[in-house]
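Peer 1: Residues or ranges marked as disulfide bond by Swiss-Prot: Cys156-Cys161. Residues or ranges marked as domain 'gL betaherpesvirus-type' by Swiss-Prot: 51-251. Look at Swiss-Prot and you will find 1-21 tagged as signal peptide.
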Amino acid sequence: MMPLLLLILLSTRNLLGAAQSQESPVAGERRALDLTTVYVLPRSEPINATVEHKCREALASCYNGSEFQPLHDDGPIRPDPYRFSTMIRFKRSYGELPLPIELNDEFLEQLSLLHNNTDQLRVLLTLMRTSRASDWMSFLGGYTQCDAPKSVVFTCVESVCYEHDLMRLNYTTDLFTENVLGLDVSPPVLSVLVLLRNNHTKAESVVRVPTSSMSMLDGTYNLLRTILGHMSLDTDLIGVLRSYRDRFPAVFSVSDQIKITRQHYRPQYQRKRP
């Protein structure tokens, strides 16, 4: 099955290709985006007929380089600084000895994401759920007092420091409290692509956060079903869903498999005559 991220990128490419297929602008002249003939997916009417007007205005403003006003105060555009997704919830570790940290370019780039970052705590929690989690746990281990809880850390921006108990943060089940760019469906791993940014150092990076969330897999299935339905593709999605039992062993259990398929597929059983 095509990775979901690739599928979304292809859809975006169709949108940009349709917009760029119009007459080429004269050299030195910047044209305004014409949104009247843009099609995203095969359908009988332009996308304008079904897209809310504020979204069209935001797309045109972004393309034409004018000042952009966010439609919402939180979510992927501007995350709520006081809420964190359970996807990056801190998990206490026990009995693990600190290991030497591998100081390579990847670690130094991640370190630049933290330096004087006003959203330092969010970036730190996200990095602690990536493939370099053990390095960051070892790095933070030297900054706790002997009698301090292992879940307490300090963030410092411009020499002003704050204390945080990672076990008592305001966590929410809303995935899009973070800067989510997409989903990476690559069996046997299901990951969320998260954008990390430091406005102070102008550093940014996209990291993969592995997840074993059943609701995430269910949401991915529903999204694929919707996209394939718009494209009129004849795909046995139920069969694909059942194959996930073997392709995502970290996500599925027998009871979970029954739970996720029940709401999409209800087999009709015939009663046997006595």
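Yeah, the Cβs are placed from backbone N, Cα and C, and that goes for glycine too.
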Peer 1: Per DSSP, to which secondary structure element type does Cys156 (disulfide bond) belong, with helix, strand and coil as the options?
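Peer 2: DSSP assigns Cys156 (disulfide bond) to strand.
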Peer 1: Can you work out the mean pLDDT of the predicted model over the domain 'gL betaherpesvirus-type' (51-251)?
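Peer 2: Averaged over the domain 'gL betaherpesvirus-type' (51-251), the predicted model reaches a pLDDT of 74.
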Peer 1: Here are the disulfide-bonded residues: Cys156, Cys161. Which has the lowest count of other Cβ atoms within 10 Å?
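Peer 2: Each of the disulfide-bonded residues Cys156, Cys161 was scored; lowest Cβ tally within 10 Å is Cys161.
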Peer 1: May I ask you to report the DSSP-based helix, strand or coil state of Cys161 (disulfide bond)?
Peer 2: strand
